[in-house]
């Protein structure tokens, strides 16, 4: 219980259900003096917002955030920042059928069993709508990281069978898929149109990269930077896998191939994904996540109702056929939150207290 | 900083370096009345112990654990349990060369940069020797889980190019690889002999399975069971990826294929790996980890010294050519620790306090 | 940093400044199935609300709370509960003078020095206005404790020189002082009228009592119940001392006098205040707090401005001449929050996991 | 549960029972590069050690600490520090009678009820013997604080009816009472001799002072410096009250008297005890604790046995007639631990991240 907070020094506590009154969060531990206002927050929120293209859910939410505290005359004060987004486009009738049935592949059954009660409207707390507040909190983290020269960006690196390599960051924001390879847009559109026709959904892969990261972030042995990134990224709805650097490819690698050799000018490769022994190396931090295909599809599925009887279910309503697309800004947010937390933790131990200074 | 503790209610704090005086830990939050003694702990410690076969490091450590507190007349008392393992086979001379050079692929450089000082003997705190205490703590968790009918087991599911499916749990302890497919032992031996000859190392995959798990474990939205398992498993040395259930395979799955349909008799499949919406479903929890090939090889590598000058390094000494093998009991331990922590967290919120009882 | 959360399993994270947009909080870890709505919350909020009598500040705030999440069809769902109170009676002009001057005895100077920036309007985050959200969160805790038969009540036990013994709980809500001795009301009124005339303020003592508490709450050695109550109660604005049971009186007691002897029918006395070895005994838990006189008085005081120059200051505006009065419901709230947190922590370790059951 | 750790960034986890194998702890988050060895630790341990004068318990424990990790070539490395003290003078026979009976005023009954099992030998985990590890950890904190110019000292400020003002720090270590007023030693000796003759015990007051503290430590609103000090100090065995600065005296103070006026040269008084709004002011931090008289006396007391039957008990064995005396170094240790934790937390938020710098 009490699992709605992430981060030890830069911490984010969220609340809110898909069809409840509002979503909100408390961001605690933000350094003072950081420029912040609603307009800054809105940029990323708009990137995640539903209904931005025909390839995502058609729910219409303005996702307008209000800052309720922690900011004075345009700057953070170091006190806790409260934020709220009101829900405006609830259509609970869309979800009448799932009041009594458990959608296969969803959290309906597990919430019911865990709590003995559930807000069934749109999945309640288990809905990915909750991630709006993560994005808002992540943008605050990005604002702080920016002045340290750290930038966190993500792109869709695979959609179903279509691999999407990083060709150029520039293009990512210029298509509805956060795809970094402009030559693939047409194929993606065609695939998605067919998917919608099939009433089905598909999985995806998202890759997040932090650049400008200083060496030294991460607190071994348990709060290694990679371990906390794994926690943070795996906590995003629908994520089933996390890898750092070479990830699962390293299973078949030899040590002589995997190890990143060093020269006075820096590392010769980055199979480690920017983390060695749980501590950042100063290289780009590269993490990828596997997103499962959403279970909200119009293909009928076998399930049970809350009495335990066998039944079938078609999930109507407004859903994303590939939740991986909108996961791009969410993945950025989670990495930014975890990175900033570790910047602060690293500062704590080594600044103005230690008698020695890191060398080289 | 302060990253040497894992677990919120069942918590484990470790200390100790590869060639220091001793390793130790504090296990806090263990329920009272659990049978515990050194002999019980020794079983898993011996499974992880170095030198058990010619395919692991030849360092000779008895790894004999002493319980210093928290147990009275053979049972846990509910107070904190202190444990210590003395180091007996330090050979610091083996490591003289790395005093001034950073081994590529190791944490030498990052520790140096983070702290400005490092215990270079055998990697100091960054050595996997530290995981001995995880195994001891994990066995305590297993003792508690056992009486709830929960069993945690792992096996080596891939070694380099050799896939190792789960054929039968029985065989896992009967070969030096923790391999669950007896037909593959010969191939593994041949591969390892050649690897040793090459002076190289290779990656591996380990799969951990918890069976008998009740529905309801996990605390969304951030302390989801899968997210905390990701944290816990990724915190093991050399792990570069974690997946739950279908993991990265779900990228190319359709929703109609991935979702696990339900019948009154239970789920029809387990692509979810036993976790939906961050909460256990009651099915087996299945997680896999990707282990990188160790960088301690006798193939010479390019690197820099602590003055920043270019140099070369061969890592002599006693090392595992595939650290994935001995990672099997470690992975079990980490899953057991995290599962027990979540059993306790789930108990807290729902037992004897809630006015409603979960149904079905 | 990141100090705006209290409680490990039942946790409360607050935000909001005296003259900001709104106050709010996230209550996480509340058991599911508890009856909850705004009307229930409003009762305690109204007890703390300013302007309820001529003896407290005349600021007019409705203090109307909105529940934004975590409640479905009148019952808690086990997910995080978001709450907000909009500020309606900000009069920032009242505070213009303190933009450049530090009020002696206030947190103006320390916030300025800590953060380098401060929201000076009404003290910003350091204002006791923040405690409104504590009261709302505390009422949720009380709702849960109620069904376990635990009741938390407080009264004003001293105001300046006037000692106010507990004569009868009944009368506490029938006078504007939360005084449990009806014969003292007249004296209190006279004292307060004179105090207002003097433009001065005075200290007070508040005593909180929890009855119906089960034996066994508290987690030694550091998270003793009394230690966490001390934390919780000392975190209330203006508190300078906390005592449990006999408190500072035990300095002059003999062991033969202080120890509470036991009989089959129970303890013969309660000098311990219901806590032995950091664990509840099953007796009433009794704690008292010392409240300092507020520094917001119209007697001129010597101070410095933000440039470091000497100056004088009179604090005008609308202030409580004795902040101890309105601290009564706040003290109840904090004890309720900490008690519930410990109920949950105790449940975690001992319910459905331990092989042994507490005896007697 | 899981209550054996204190501190968020500089954290201390302890284990060990009065008559168990050993006491130990893990100190995590210590900055690197701090000079540390066993001799440094032994100084404070010897101050707390039993049997140092005829006025404390005659149990003979060398209390020799071993550092097991976290220190390399005489300096801390930033990794976790393990320490152990072996118990050498257990005489379990002294405690045979309490196997079946609950000593009134002790934690025997509450541990039994909480856990259903207890190590009755000398009070097991509830014994103040556990505080030896606090002292060792506190000395590490003092080593770090020292280089920041912060010094933490304590003295016995009252023993039973004898008030003991701070006359001169110099004398504190020159008498067996940690008394700062040399004129009182004779009276103290006479009082203690009579107390021993009476077979009784008495309470005491200890005052702790931190000097050289920078302004800005403390994390409102819940992790205020004073609130965390209250937690930390109240967690010491036998403490029943904590006050900061004027403490309970402020109940009768007027605001015009209590507030500490400011001049360009600093504060004119220190009723606040060095903390305003939960943040350090830069003045001395002054806290006092009330210690109850131990219940281990030879005056017979009424109690029950573990079957619930009425019985009587005399506590023989080797006990302190005034536990307040040896609490002096313990109180120092706890304040040092909490202060260092807050130094690190303050560093985290404000160093190298914030765009603004505190003024004046």
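A Cβ is built for glycine as well, from the same backbone N, Cα and C atoms used for every other residue.
Residue C:48 (NADP(+) binding site) counts 24 other C-beta atoms within 10 Å of its own C-beta, drawing on all protein chains shown. Here TrEMBL flags C:48, C:54 as NADP(+) binding site.
The FMN binding site annotation in TrEMBL covers C:125, C:126, C:127, C:237, C:238, C:277, C:292, C:293, C:294, C:295, C:296, C:318. A coil conformation is recorded for residue C:292 (FMN binding site) in the three-state DSSP classification, outside any helix or strand.
All protein chains shown were included, and the count of other CB atoms within 10 Å of the CB of residue C:125 (FMN binding site) stands at 28. Classification of residue C:48 (NADP(+) binding site) by DSSP places it within a helix. With respect to Cβ neighbours within 10 Å, the binding-site residues C:54, C:292 differ, and C:54 shows the lowest count.
With respect to their backbone Cα atoms, residue C:292 (FMN binding site) and residue C:54 (NADP(+) binding site) stand 20 Å from each other. Sparsest Cβ environment among the binding-site residues C:127, C:294, C:296 (other Cβ atoms counted within 10 Å): C:127. Calculated from their C-alpha atoms, the gap between residue C:238 (FMN binding site) and residue C:48 (NADP(+) binding site) amounts to 15 Å. In this structure the alpha carbons, written CA, of residue C:294 (FMN binding site) and residue C:48 (NADP(+) binding site) are 17 Å apart.
Take the CB of residue C:238 (FMN binding site) and look out to 10 A: across all protein chains shown you find 22 other CB atoms. Proximity to chain D (Cβ-Cβ distance under 8 Å) holds for the following binding-site residues out of C:48, C:125, C:292, C:294: C:125, C:292, C:294.
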